[in-house]
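One structure is given below, encoded as C-alpha coordinates.
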Amino acid sequence: MAHPHLLAERISRLSSSLEKGLYERSHAIRLCLLAALSGESMFLLGPPGIAKSLIARRLKFAFQNARAFEYLMTRFSTPEEVFGPLSIQALKDEGRYERLTSGYLPEAEIVFLDEIWKAGPAILNTLLTAINERQFRNGAHVEKIPMRLLVAASNELPEADSSLEALYDRMLIRLWLDKVQDKANFRSMLTSQQDENDNPVPDALQVTDEEYERWQKEIGEITLPDHVFELIFMLRQQLDKLPDAPYVSDRRWKKAIRLLQASAFFSGRSAVAPVDLILLKDCLWYDAQSLNLIQQQIDVLMTGHAWQQQGMLTRLGAIVQRHLQLQQQQSDKTALTVIRLGGIFSRRQQYQLPVNVTASTLTLLLQKPLKLHDMEVVHISFERSALEQWLSKGGEIRGKLNGIGFAQKLNLEVDSAQHLVVRDVSLQGSTLALPGSSAESMPGKIKQQLEELESDWRKQHALFSEQQRCLFIPGDWLGRIEASLQDVGAQIRQAQQC
(Lines of atoms letter the chains of each structure in order from A; the text may use other names.)
(Lines give C-alpha, C1' and ligand atoms only; values in the text may rest on other atoms or scores of the structure.)
Protein backbone atom coordinates (compact mmCIF):
# COMPACT_ATOMS: atom_id res chain seq x y z
CA MET A 1 0.00 0.00 0.00
CA ALA A 2 1.27 3.47 -0.87
CA HIS A 3 1.90 5.89 1.97
CA PRO A 4 -1.49 7.37 2.94
CA HIS A 5 -0.41 10.96 2.31
CA LEU A 6 1.06 10.01 -1.08
CA LEU A 7 -2.24 8.38 -2.00
CA ALA A 8 -4.16 11.49 -0.90
CA GLU A 9 -1.85 13.67 -3.01
CA ARG A 10 -2.30 11.40 -6.01
CA ILE A 11 -6.10 11.44 -5.77
CA SER A 12 -5.99 15.23 -5.45
CA ARG A 13 -3.90 15.52 -8.62
CA LEU A 14 -6.17 13.04 -10.39
CA SER A 15 -9.20 15.13 -9.50
CA SER A 16 -7.48 18.33 -10.65
CA SER A 17 -6.81 16.72 -14.03
CA LEU A 18 -10.42 15.63 -14.38
CA GLU A 19 -11.64 19.15 -13.50
CA LYS A 20 -9.70 20.85 -16.33
CA GLY A 21 -11.96 22.76 -18.68
CA LEU A 22 -15.02 22.31 -16.46
CA TYR A 23 -16.22 25.42 -14.67
CA GLU A 24 -17.94 25.40 -11.27
CA ARG A 25 -18.04 21.63 -11.37
CA SER A 26 -15.14 20.81 -9.03
CA HIS A 27 -17.37 19.51 -6.25
CA ALA A 28 -19.37 17.38 -8.68
CA ILE A 29 -16.21 15.88 -10.21
CA ARG A 30 -14.73 15.14 -6.78
CA LEU A 31 -17.86 13.42 -5.53
CA CYS A 32 -18.17 11.47 -8.79
CA LEU A 33 -14.56 10.38 -8.36
CA LEU A 34 -15.21 9.36 -4.75
CA ALA A 35 -18.29 7.43 -5.84
CA ALA A 36 -16.32 5.68 -8.59
CA LEU A 37 -13.44 4.81 -6.28
CA SER A 38 -15.85 3.30 -3.75
CA GLY A 39 -18.18 1.63 -6.26
CA GLU A 40 -21.25 3.77 -5.55
CA SER A 41 -23.95 5.34 -7.72
CA MET A 42 -24.97 8.97 -7.97
CA PHE A 43 -27.78 11.14 -9.29
CA LEU A 44 -27.31 14.53 -10.97
CA LEU A 45 -30.33 16.84 -10.95
CA GLY A 46 -30.37 19.92 -13.14
CA PRO A 47 -31.54 21.51 -16.40
CA PRO A 48 -30.23 20.35 -19.80
CA GLY A 49 -26.88 21.60 -21.06
CA ILE A 50 -24.95 21.96 -17.79
CA ALA A 51 -22.28 19.30 -18.47
CA LYS A 52 -23.92 16.39 -16.67
CA SER A 53 -22.92 13.94 -19.41
CA LEU A 54 -19.45 15.47 -19.70
CA ILE A 55 -18.86 14.93 -15.97
CA ALA A 56 -19.65 11.24 -16.33
CA ARG A 57 -17.60 10.97 -19.53
CA ARG A 58 -14.58 12.48 -17.79
CA LEU A 59 -14.63 9.84 -15.07
CA LYS A 60 -13.73 7.18 -17.65
CA PHE A 61 -10.26 8.71 -17.82
CA ALA A 62 -9.68 8.15 -14.09
CA PHE A 63 -9.14 4.45 -14.81
CA GLN A 64 -6.78 2.66 -17.17
CA ASN A 65 -8.59 1.11 -20.14
CA ALA A 66 -12.02 1.85 -18.69
CA ARG A 67 -15.04 1.39 -20.92
CA ALA A 68 -17.95 3.81 -20.81
CA PHE A 69 -21.60 3.49 -21.76
CA GLU A 70 -24.06 6.35 -21.98
CA TYR A 71 -27.65 6.43 -23.08
CA LEU A 72 -30.53 8.91 -23.23
CA MET A 73 -33.70 7.28 -21.94
CA THR A 74 -37.10 7.81 -23.54
CA ARG A 75 -40.49 6.30 -22.88
CA PHE A 76 -39.83 4.01 -25.83
CA SER A 77 -36.39 2.77 -24.74
CA THR A 78 -36.03 -1.00 -24.75
CA PRO A 79 -33.76 -3.31 -22.72
CA GLU A 80 -31.91 -4.14 -25.95
CA GLU A 81 -30.70 -0.54 -26.22
CA VAL A 82 -29.22 -0.63 -22.72
CA PHE A 83 -28.19 -4.23 -22.07
CA GLY A 84 -27.52 -5.36 -25.64
CA PRO A 85 -29.52 -7.03 -28.41
CA LEU A 86 -30.56 -10.66 -28.39
CA SER A 87 -28.24 -13.07 -30.16
CA ILE A 88 -30.30 -14.30 -33.09
CA GLN A 89 -27.75 -16.99 -33.83
CA ALA A 90 -27.82 -18.39 -30.27
CA LEU A 91 -31.60 -18.35 -30.31
CA LYS A 92 -31.80 -19.97 -33.75
CA ASP A 93 -29.05 -22.57 -33.41
CA GLU A 94 -29.22 -23.47 -29.73
CA GLY A 95 -32.51 -22.05 -28.54
CA ARG A 96 -30.66 -19.93 -25.98
CA TYR A 97 -31.97 -16.53 -24.82
CA GLU A 98 -28.76 -14.53 -24.68
CA ARG A 99 -27.75 -10.92 -25.19
CA LEU A 100 -24.73 -9.57 -27.01
CA THR A 101 -23.41 -7.27 -24.30
CA SER A 102 -20.22 -5.95 -25.90
CA GLY A 103 -20.39 -2.15 -25.99
CA TYR A 104 -23.39 -2.01 -23.65
CA LEU A 105 -23.98 -1.47 -19.92
CA PRO A 106 -23.06 -5.00 -18.73
CA GLU A 107 -19.46 -4.58 -19.93
CA ALA A 108 -18.86 -0.93 -18.97
CA GLU A 109 -16.99 0.41 -15.94
CA ILE A 110 -18.55 3.88 -16.20
CA VAL A 111 -22.26 4.18 -16.98
CA PHE A 112 -24.24 7.37 -17.64
CA LEU A 113 -28.01 7.19 -18.04
CA ASP A 114 -29.72 10.48 -18.88
CA GLU A 115 -33.42 11.15 -18.23
CA ILE A 116 -33.38 8.08 -16.03
CA TRP A 117 -37.00 8.39 -14.83
CA LYS A 118 -38.30 7.77 -18.35
CA ALA A 119 -37.03 4.20 -18.27
CA GLY A 120 -39.64 1.47 -18.39
CA PRO A 121 -40.14 -1.31 -15.80
CA ALA A 122 -38.17 -3.88 -17.80
CA ILE A 123 -35.08 -1.67 -17.77
CA LEU A 124 -35.54 -0.57 -14.14
CA ASN A 125 -35.81 -4.08 -12.76
CA THR A 126 -32.63 -5.23 -14.49
CA LEU A 127 -30.87 -2.03 -13.47
CA LEU A 128 -31.74 -2.58 -9.80
CA THR A 129 -30.07 -5.98 -9.86
CA ALA A 130 -27.04 -4.52 -11.60
CA ILE A 131 -26.67 -1.80 -8.94
CA ASN A 132 -27.38 -4.00 -5.92
CA GLU A 133 -25.45 -7.13 -6.81
CA ARG A 134 -23.16 -6.03 -9.64
CA GLN A 135 -24.62 -8.94 -11.60
CA PHE A 136 -26.47 -9.32 -14.89
CA ARG A 137 -28.62 -12.32 -15.76
CA ASN A 138 -27.89 -13.16 -19.38
CA GLY A 139 -30.15 -16.01 -20.33
CA ALA A 140 -29.38 -18.98 -18.12
CA HIS A 141 -26.14 -17.46 -16.84
CA VAL A 142 -25.48 -14.84 -14.18
CA GLU A 143 -22.52 -12.68 -15.14
CA LYS A 144 -20.56 -10.28 -12.97
CA ILE A 145 -20.47 -6.77 -14.34
CA PRO A 146 -17.46 -4.44 -13.95
CA MET A 147 -19.50 -1.28 -13.27
CA ARG A 148 -17.66 1.04 -10.89
CA LEU A 149 -19.81 4.12 -11.28
CA LEU A 150 -23.38 4.66 -12.36
CA VAL A 151 -24.30 8.29 -12.95
CA ALA A 152 -28.01 8.86 -13.52
CA ALA A 153 -29.30 12.28 -14.49
CA SER A 154 -32.57 14.12 -14.95
CA ASN A 155 -34.06 17.59 -14.84
CA GLU A 156 -36.73 16.39 -12.43
CA LEU A 157 -37.15 14.26 -9.35
CA PRO A 158 -39.08 10.99 -9.38
CA GLU A 159 -42.71 11.21 -8.39
CA ALA A 160 -43.43 10.29 -4.80
CA ASP A 161 -44.96 6.86 -4.19
CA SER A 162 -43.94 5.68 -7.65
CA SER A 163 -42.16 2.56 -8.82
CA LEU A 164 -39.05 4.71 -9.30
CA GLU A 165 -38.37 5.16 -5.58
CA ALA A 166 -36.51 1.85 -5.27
CA LEU A 167 -34.02 2.93 -7.94
CA TYR A 168 -33.74 6.45 -6.49
CA ASP A 169 -32.87 4.99 -3.09
CA ARG A 170 -29.94 3.10 -4.65
CA MET A 171 -28.33 6.36 -5.79
CA LEU A 172 -26.29 7.22 -2.74
CA ILE A 173 -24.94 10.62 -3.77
CA ARG A 174 -27.40 13.22 -5.04
CA LEU A 175 -26.25 16.54 -6.46
CA TRP A 176 -28.35 19.51 -7.53
CA LEU A 177 -26.47 21.35 -10.29
CA ASP A 178 -27.13 24.72 -11.91
CA LYS A 179 -25.77 26.88 -14.71
CA VAL A 180 -22.36 28.54 -14.47
CA GLN A 181 -22.87 31.60 -12.25
CA ASP A 182 -19.55 33.48 -12.05
CA LYS A 183 -18.96 36.00 -14.83
CA ALA A 184 -15.29 35.12 -15.34
CA ASN A 185 -16.07 31.40 -15.41
CA PHE A 186 -18.87 32.00 -17.90
CA ARG A 187 -16.50 33.88 -20.20
CA SER A 188 -13.84 31.17 -19.91
CA MET A 189 -16.41 28.51 -20.74
CA LEU A 190 -17.55 30.40 -23.84
CA THR A 191 -14.04 30.90 -25.19
CA SER A 192 -12.59 27.51 -24.26
CA GLN A 193 -11.25 25.53 -27.22
CA GLN A 194 -10.61 22.33 -25.29
CA ASP A 195 -11.80 19.13 -26.94
CA GLU A 196 -14.19 17.47 -24.52
CA ASN A 197 -13.12 14.02 -25.72
CA ASP A 198 -9.40 14.53 -24.98
CA ASN A 199 -7.95 12.59 -22.07
CA PRO A 200 -6.78 15.17 -19.48
CA VAL A 201 -5.28 12.60 -17.09
CA PRO A 202 -1.58 11.56 -17.24
CA ASP A 203 -1.06 7.80 -17.40
CA ALA A 204 0.79 7.80 -14.07
CA LEU A 205 -2.32 9.08 -12.26
CA GLN A 206 -4.81 6.65 -13.74
CA VAL A 207 -6.09 3.88 -11.47
CA THR A 208 -5.25 0.32 -12.45
CA ASP A 209 -7.59 -2.63 -12.00
CA GLU A 210 -5.31 -4.09 -9.32
CA GLU A 211 -5.27 -0.83 -7.37
CA TYR A 212 -9.03 -0.50 -7.56
CA GLU A 213 -9.63 -4.02 -6.25
CA ARG A 214 -7.09 -3.59 -3.44
CA TRP A 215 -8.56 -0.26 -2.39
CA GLN A 216 -12.04 -1.78 -2.05
CA LYS A 217 -10.72 -4.07 0.69
CA GLU A 218 -8.70 -1.33 2.38
CA ILE A 219 -11.67 1.05 2.45
CA GLY A 220 -13.53 -1.50 4.56
CA GLU A 221 -10.70 -1.48 7.10
CA ILE A 222 -11.15 2.22 7.90
CA THR A 223 -12.49 2.45 11.46
CA LEU A 224 -15.51 4.36 12.72
CA PRO A 225 -14.53 5.91 16.10
CA ASP A 226 -17.09 6.00 18.89
CA HIS A 227 -17.31 9.79 18.99
CA VAL A 228 -18.01 9.92 15.23
CA PHE A 229 -20.70 7.25 15.55
CA GLU A 230 -22.30 9.31 18.35
CA LEU A 231 -22.49 12.29 15.99
CA ILE A 232 -24.12 10.14 13.29
CA PHE A 233 -26.62 8.75 15.79
CA MET A 234 -27.35 12.27 17.06
CA LEU A 235 -28.12 13.36 13.49
CA ARG A 236 -30.34 10.32 12.93
CA GLN A 237 -32.29 10.97 16.14
CA GLN A 238 -32.72 14.63 15.28
CA LEU A 239 -34.06 13.78 11.82
CA ASP A 240 -36.48 11.27 13.35
CA LYS A 241 -37.94 14.06 15.50
CA LEU A 242 -38.57 16.45 12.60
CA PRO A 243 -41.96 16.02 10.89
CA ASP A 244 -40.67 17.18 7.49
CA ALA A 245 -37.45 15.17 7.51
CA PRO A 246 -36.98 12.66 4.67
CA TYR A 247 -37.13 8.94 5.33
CA VAL A 248 -33.61 7.50 5.35
CA SER A 249 -33.46 3.73 5.07
CA ASP A 250 -31.02 1.62 7.07
CA ARG A 251 -29.52 0.56 3.74
CA ARG A 252 -28.77 4.19 2.85
CA TRP A 253 -27.16 4.82 6.25
CA LYS A 254 -24.96 1.74 5.81
CA LYS A 255 -23.89 2.70 2.29
CA ALA A 256 -23.24 6.26 3.47
CA ILE A 257 -20.84 4.97 6.13
CA ARG A 258 -18.80 3.21 3.44
CA LEU A 259 -18.65 6.51 1.55
CA LEU A 260 -17.32 8.20 4.70
CA GLN A 261 -14.73 5.43 5.01
CA ALA A 262 -13.68 6.05 1.41
CA SER A 263 -13.41 9.79 2.08
CA ALA A 264 -11.12 9.11 5.04
CA PHE A 265 -9.07 6.53 3.10
CA PHE A 266 -8.43 8.80 0.11
CA SER A 267 -7.63 11.68 2.49
CA GLY A 268 -4.80 9.66 4.04
CA ARG A 269 -6.55 8.80 7.32
CA SER A 270 -7.10 5.45 9.02
CA ALA A 271 -10.39 6.45 10.66
CA VAL A 272 -13.50 8.39 9.77
CA ALA A 273 -13.34 11.96 11.13
CA PRO A 274 -16.18 14.38 11.92
CA VAL A 275 -15.32 16.40 8.82
CA ASP A 276 -16.28 13.43 6.63
CA LEU A 277 -19.85 13.65 7.93
CA ILE A 278 -20.38 16.77 5.80
CA LEU A 279 -20.72 14.36 2.87
CA LEU A 280 -24.04 13.24 4.34
CA LYS A 281 -25.56 16.48 3.07
CA ASP A 282 -25.36 14.98 -0.43
CA CYS A 283 -26.64 11.55 0.64
CA LEU A 284 -29.71 12.02 2.85
CA TRP A 285 -31.95 14.49 1.02
CA TYR A 286 -34.91 13.54 -1.15
CA ASP A 287 -36.31 16.78 -2.60
CA ALA A 288 -35.74 20.55 -2.46
CA GLN A 289 -37.34 20.92 0.98
CA SER A 290 -35.38 18.10 2.53
CA LEU A 291 -32.17 19.31 0.87
CA ASN A 292 -32.33 22.55 2.86
CA LEU A 293 -33.38 20.76 6.03
CA ILE A 294 -30.53 18.24 5.85
CA GLN A 295 -27.98 20.98 5.25
CA GLN A 296 -29.29 22.94 8.24
CA GLN A 297 -29.09 19.93 10.54
CA ILE A 298 -25.58 19.02 9.42
CA ASP A 299 -24.52 22.64 9.82
CA VAL A 300 -25.76 22.54 13.44
CA LEU A 301 -23.90 19.27 13.95
CA MET A 302 -20.64 20.59 12.50
CA THR A 303 -20.62 24.03 14.11
CA GLY A 304 -22.10 22.97 17.44
CA HIS A 305 -21.10 19.42 18.31
CA ALA A 306 -18.50 17.83 16.00
CA TRP A 307 -15.56 19.46 17.80
CA GLN A 308 -17.36 19.88 21.14
CA GLN A 309 -18.16 23.54 20.52
CA GLN A 310 -21.47 23.44 22.39
CA GLY A 311 -20.02 21.29 25.16
CA MET A 312 -17.17 23.75 25.70
CA LEU A 313 -19.61 26.69 25.75
CA THR A 314 -21.74 24.86 28.33
CA ARG A 315 -18.67 24.28 30.50
CA LEU A 316 -17.67 27.92 30.05
CA GLY A 317 -21.13 29.08 31.11
CA ALA A 318 -20.92 27.01 34.29
CA ILE A 319 -17.44 28.37 35.11
CA VAL A 320 -18.53 31.97 34.48
CA GLN A 321 -21.65 31.46 36.59
CA ARG A 322 -19.56 30.11 39.46
CA HIS A 323 -17.17 33.05 39.12
CA LEU A 324 -20.09 35.47 39.28
CA GLN A 325 -21.39 33.74 42.40
CA LEU A 326 -17.99 34.07 44.05
CA GLN A 327 -17.79 37.71 43.00
CA GLN A 328 -21.23 38.33 44.48
CA GLN A 329 -20.19 36.69 47.73
CA GLN A 330 -17.06 38.83 47.75
CA SER A 331 -19.13 41.91 46.97
CA ASP A 332 -21.29 41.27 50.00
CA LYS A 333 -18.14 41.18 52.15
CA THR A 334 -16.39 44.25 50.70
CA ALA A 335 -19.30 46.53 49.86
CA LEU A 336 -19.57 49.87 51.64
CA THR A 337 -22.00 49.31 54.53
CA VAL A 338 -23.82 52.35 55.92
CA ILE A 339 -25.11 52.61 59.49
CA ARG A 340 -28.83 52.54 60.17
CA LEU A 341 -30.07 55.16 62.63
CA GLY A 342 -32.98 54.86 65.05
CA GLY A 343 -35.56 57.18 63.46
CA ILE A 344 -38.60 55.49 65.00
CA PHE A 345 -40.93 58.40 64.21
CA SER A 346 -39.27 59.33 60.88
CA ARG A 347 -41.18 58.80 57.64
CA ARG A 348 -38.09 57.28 56.01
CA GLN A 349 -35.19 55.25 57.29
CA GLN A 350 -32.09 57.32 58.03
CA TYR A 351 -28.47 56.26 57.59
CA GLN A 352 -24.99 57.63 58.07
CA LEU A 353 -21.54 56.83 56.73
CA PRO A 354 -19.17 54.68 58.79
CA VAL A 355 -16.95 56.66 61.14
CA ASN A 356 -13.81 55.57 59.27
CA VAL A 357 -14.98 57.27 56.07
CA THR A 358 -13.68 60.82 56.49
CA ALA A 359 -12.61 62.10 53.04
CA SER A 360 -14.44 65.15 51.66
CA THR A 361 -14.80 63.45 48.26
CA LEU A 362 -15.65 59.75 48.11
CA THR A 363 -14.77 57.57 45.13
CA LEU A 364 -16.86 54.41 45.19
CA LEU A 365 -16.23 51.46 42.86
CA LEU A 366 -18.99 49.58 41.08
CA GLN A 367 -18.72 45.84 41.74
CA LYS A 368 -19.79 45.37 38.10
CA PRO A 369 -19.76 48.08 35.40
CA LEU A 370 -23.05 49.68 34.39
CA LYS A 371 -24.04 51.92 31.51
CA LEU A 372 -25.22 55.21 33.03
CA HIS A 373 -26.05 58.29 30.96
CA ASP A 374 -24.64 56.54 27.83
CA MET A 375 -21.32 55.89 29.55
CA GLU A 376 -19.70 52.67 30.74
CA VAL A 377 -19.16 53.46 34.43
CA VAL A 378 -16.72 51.68 36.76
CA HIS A 379 -16.60 54.23 39.62
CA ILE A 380 -18.50 57.28 40.86
CA SER A 381 -17.23 60.29 42.83
CA PHE A 382 -19.53 61.80 45.49
CA GLU A 383 -19.21 64.91 47.61
CA ARG A 384 -19.23 63.60 51.18
CA SER A 385 -21.64 66.29 52.36
CA ALA A 386 -24.11 65.55 49.52
CA LEU A 387 -24.01 61.81 50.23
CA GLU A 388 -24.51 62.36 53.98
CA GLN A 389 -27.49 64.61 53.33
CA TRP A 390 -29.06 62.02 50.99
CA LEU A 391 -28.52 59.26 53.57
CA SER A 392 -30.17 61.40 56.23
CA LYS A 393 -32.97 63.16 54.35
CA GLY A 394 -33.28 61.45 50.96
CA GLY A 395 -34.10 63.38 47.79
CA GLU A 396 -31.86 63.74 44.76
CA ILE A 397 -28.27 62.49 44.69
CA ARG A 398 -25.65 63.30 42.08
CA GLY A 399 -22.17 62.00 41.38
CA LYS A 400 -19.41 62.29 38.77
CA LEU A 401 -19.33 59.25 36.52
CA ASN A 402 -15.81 57.82 36.38
CA GLY A 403 -14.81 60.96 38.29
CA ILE A 404 -15.12 63.26 35.27
CA GLY A 405 -17.48 65.96 34.00
CA PHE A 406 -20.47 67.36 35.81
CA ALA A 407 -22.20 65.45 38.57
CA GLN A 408 -25.07 63.41 37.10
CA LYS A 409 -28.35 62.46 38.71
CA LEU A 410 -28.27 58.86 39.94
CA ASN A 411 -30.73 56.17 40.95
CA LEU A 412 -29.18 55.23 44.29
CA GLU A 413 -30.67 53.14 47.08
CA VAL A 414 -29.76 51.29 50.26
CA ASP A 415 -30.55 47.59 50.08
CA SER A 416 -31.61 45.27 52.89
CA ALA A 417 -27.96 44.51 53.71
CA GLN A 418 -27.33 48.29 54.15
CA HIS A 419 -25.18 48.43 51.01
CA LEU A 420 -25.29 51.31 48.54
CA VAL A 421 -26.64 50.11 45.18
CA VAL A 422 -26.74 52.17 41.97
CA ARG A 423 -29.14 51.17 39.19
CA ASP A 424 -29.26 51.82 35.45
CA VAL A 425 -32.36 52.60 33.37
CA SER A 426 -33.22 48.88 33.18
CA LEU A 427 -32.94 48.71 37.00
CA GLN A 428 -29.89 46.46 36.94
CA GLY A 429 -27.93 47.16 40.09
CA SER A 430 -24.29 47.30 41.09
CA THR A 431 -23.07 47.44 44.69
CA LEU A 432 -20.64 50.24 45.59
CA ALA A 433 -17.38 49.69 47.48
CA LEU A 434 -14.51 51.87 48.68
CA PRO A 435 -11.20 51.71 46.76
CA GLY A 436 -9.01 48.93 48.06
CA SER A 437 -12.02 46.85 49.09
CA SER A 438 -13.09 45.71 45.62
CA ALA A 439 -13.41 42.07 44.73
CA GLU A 440 -10.24 40.02 44.74
CA SER A 441 -8.59 38.79 41.56
CA MET A 442 -9.91 35.67 39.88
CA PRO A 443 -9.87 32.68 42.27
CA GLY A 444 -7.22 30.08 41.50
CA LYS A 445 -9.76 27.29 40.96
CA ILE A 446 -11.69 29.35 38.42
CA LYS A 447 -8.47 30.29 36.67
CA GLN A 448 -7.42 26.62 36.54
CA GLN A 449 -10.78 25.55 35.11
CA LEU A 450 -10.53 28.19 32.39
CA GLU A 451 -6.98 27.10 31.56
CA GLU A 452 -8.12 23.47 31.28
CA LEU A 453 -10.99 24.55 29.05
CA GLU A 454 -8.63 26.56 26.85
CA SER A 455 -6.34 23.52 26.61
CA ASP A 456 -9.28 21.36 25.48
CA TRP A 457 -10.22 24.02 22.93
CA ARG A 458 -6.68 24.00 21.53
CA LYS A 459 -6.83 20.20 21.18
CA GLN A 460 -10.13 20.37 19.32
CA HIS A 461 -8.87 23.14 17.05
CA ALA A 462 -5.71 21.16 16.33
CA LEU A 463 -7.82 18.09 15.49
CA PHE A 464 -9.91 20.12 13.07
CA SER A 465 -6.82 21.64 11.46
CA GLU A 466 -5.42 18.16 10.96
CA GLN A 467 -8.65 16.67 9.62
CA GLN A 468 -9.78 19.47 7.35
CA ARG A 469 -7.42 18.45 4.55
CA CYS A 470 -10.22 16.60 2.78
CA LEU A 471 -10.56 16.88 -0.99
CA PHE A 472 -14.25 16.06 -1.00
CA ILE A 473 -15.47 18.77 1.42
CA PRO A 474 -16.28 22.29 0.08
CA GLY A 475 -14.22 25.12 1.53
CA ASP A 476 -17.21 27.16 2.70
CA TRP A 477 -18.15 24.40 5.14
CA LEU A 478 -14.63 24.33 6.54
CA GLY A 479 -14.78 28.11 6.93
CA ARG A 480 -17.96 27.94 9.01
CA ILE A 481 -16.47 25.29 11.28
CA GLU A 482 -13.32 27.37 11.76
CA ALA A 483 -15.45 30.41 12.61
CA SER A 484 -17.44 28.43 15.20
CA LEU A 485 -14.24 27.25 16.88
CA GLN A 486 -12.75 30.74 16.85
CA ASP A 487 -15.93 32.09 18.47
CA VAL A 488 -15.60 29.56 21.30
CA GLY A 489 -11.93 30.46 21.73
CA ALA A 490 -12.74 34.18 21.86
CA GLN A 491 -15.36 33.64 24.57
CA ILE A 492 -12.90 31.60 26.65
CA ARG A 493 -10.23 34.31 26.36
CA GLN A 494 -12.75 36.99 27.28
CA ALA A 495 -13.72 35.06 30.41
CA GLN A 496 -10.05 34.76 31.38
CA GLN A 497 -9.70 38.54 31.30
CA CYS A 498 -12.64 39.18 33.64
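For all residues, glycine too, the Cβ spot is worked out from N, Cα and C.
Sequence annotations record features per position, and here Swiss-Prot assigns ADP binding site to Tyr23, Gly49, Ile50, Ala51, Lys52, Ser53, Leu54, Glu196. Cβ contacts within 10 Å of Tyr23 (ADP binding site), excluding its own Cβ and spanning all protein chains shown: 18. When secondary structure is read from DSSP and collapsed to three states, Tyr23 (ADP binding site) falls in the coil class.
Just so you know, the Cβ of Gly49 (ADP binding site) picks up 9 other Cβ atoms within 10 Å once every protein chain is counted.
Counting other C-beta atoms within 10 Å of each candidate's C-beta, the binding-site residues Ile50, Ala51, Leu54 are led by Ala51. The maximal spread of the ADP binding site, taken as the longest Cα to Cα distance among Tyr23, Gly49, Ile50, Ala51, Lys52, Ser53, Leu54, Glu196, is 14 Å.
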